Amino acid sequence: MARMYYDTDANLDLLAGKTIAIIGYGSQGHAHALNLKDSGINVIVGLYPGSKSAKKAEEAGLKVLSVAEAAQAADWIMILLPDEVQKAVYTHEIAPYLSEGKVLCFAHGFNIHFGQVVPPPTVDVVMIAPKGPGHLVRRTYEQGEGVPCLFAVYQDATGQARDRAMAYAKGIGGTRAGILETTFREETETDLFGEQVVLCGGLSALIKGGFETLVNAGYQPELAYFECLHEVKLIVDLIVEGGLAKMRDSISNTAEYGDLTRGPRIVTDETRAEMKKILREIQTGQFAREFVLENQSGKPGFTAMRRQEAEHPIEEVGKDLRAMFSWLKDK
């Protein structure tokens with residue numbers, strides 16, 4: 001079993017007297033900034049001119065600067081921007097101010113692992129990655145708890161990089177729940193694999209495939225939506241709470257028997273071979289190169305795929321059905 005580290009393993013004093021710049025104030029950015037602030041750390045926020053998030057950050061009591069100003073003023077710089085914009089922002093607004101001994105932080109290893117960002121050898125480069133969305137990172141912190149985090153060291157220029165990463169994780173509440181040490185390579189490759197094969201790519205393809213099969217067989221689209229999309233949350237909640245065992249213990253015997261006898265016919269040896277192929281594309285950097293080139297060319301293919309997916313019948317059916325769900329109206 002991997003070792004977990006907790007509050008007593010991390011030294012928050014390493015952040016004392018330091019200024020941490022949070023670059024970006026989205027889902028993760030606001031949670032990191034506010035949690036660190038509430039942990040007694042001096043936090044500033046770096047945003048581009050005209051950012052709609054500036055007012056929110058200022059109303060929360062945070063000092064907002066341009067990205068370049070924040071990078072220049074900070075001892076620690078946490079980049080919480082979309083993967084595809086990090087290289088340009090780093091190159092033009094952060095790199096010129098990375099003086100010796102500073103700490104460059106990430107919450108995902110994509111740009112470091114695939115060589116899009118190449119820091120100077122005189123700075124620590126670390127990763128602190130909460131395994132939950134920003135609103136959960138913030139809410140659990142306020143409740144005196146936390147969200148588990150991954151942490152990693154890519155470059156240790158000061159001899160303190162590992163301790164510094166753990167201190168940051170403590171500052172955002174991660175060590176209350178437990179933090180797990182990894183590497184930039186492992187985090188990046190497993191994260192991309194999970195997104196593509198299971199959580200996003202695999203699940204959305206499975207949902208659409210099931211929906212289309214029922215509709216093409218003459219069943220009402222609304223029933224197909226309920227059975228193949230809506231009830232996914234009911235099952236996933238059980239799995240998150242207690243693993244596959246709790247899910248199977250909570251469903252009917254009919255459903256469990258169907259799971260055990262028919263499920264393996266969906267994920268076949270051919271499917272597993274494709275999973276291995278996708279993993280290899282991630283490991284070799286093929287996916288990263290494809291994604292970077294797509295963004296550099298203005299995202300024509302990405303935009304077309306988004307448009308095509310938005311026009312899928314499941315979206316129209318879902319929109320009408322969700323209007324009936326009173327528990328969603330407040331959201």
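Glycine is treated like the rest: Cβ placed from N, Cα and C.
Other C-beta atoms found within 10 angstroms of the C-beta of His108 (active site) number 21, with every protein chain shown included. Look at Swiss-Prot and you will find His108 tagged as active site, backed by sequence analysis.
In the three-state DSSP reading, Val85 (NADP(+) binding site) counts as helix. For Val85 (NADP(+) binding site), the number of other Cβ atoms no farther than 10 Å from its own Cβ, over all displayed protein chains, is 14. Per Swiss-Prot, NADP(+) binding site is recorded for Tyr25, Gly26, Ser27, Gln28, Ser51, Ser53, Asp83, Glu84, Val85, Gln86, Gly134, and the stated evidence type is sequence analysis.
Annotation for Glu195 (Mg(2+) 1 binding site): same-chain Cβ neighbours under 8 Å, separated by at least 6 residues, are Gly201. Taken from Swiss-Prot, the feature Mg(2+) 1 binding site covers Asp191, Glu195.
Within the same chain, residues at least six positions away from Glu227 (Mg(2+) 2 binding site) with a Cβ under 8 Å of its Cβ are Gly210, Leu214. According to Swiss-Prot, the Mg(2+) 2 binding site annotation covers Asp191, Glu227, Glu231.
Cβ neighbours of Ser252 (substrate binding site) (same chain, under 8 Å, six or more residues apart in sequence): none. Residues or ranges marked as substrate binding site in Swiss-Prot: Ser252.
Taken from Swiss-Prot, the feature domain 'KARI N-terminal Rossmann' applies to 2-182, supported by sequence analysis.
Annotation comment: Swiss-Prot describes 183-328 as domain 'KARI C-terminal knotted', evidence class sequence analysis. Taken through DSSP, the domain 'KARI C-terminal knotted' (183-328) splits into 125 helix, 0 strand, 21 coil.
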List of residues, in chain order, with Cβ under 8 A from that of Asp83 (NADP(+) binding site) and at least 6 apart: His108, Phe110, Asn111, Phe291
Other CB atoms, at most 10 A from the CB of Ser27 (NADP(+) binding site): 15
Mean per-residue pLDDT computed across the domain 'KARI C-terminal knotted' (183-328): 97
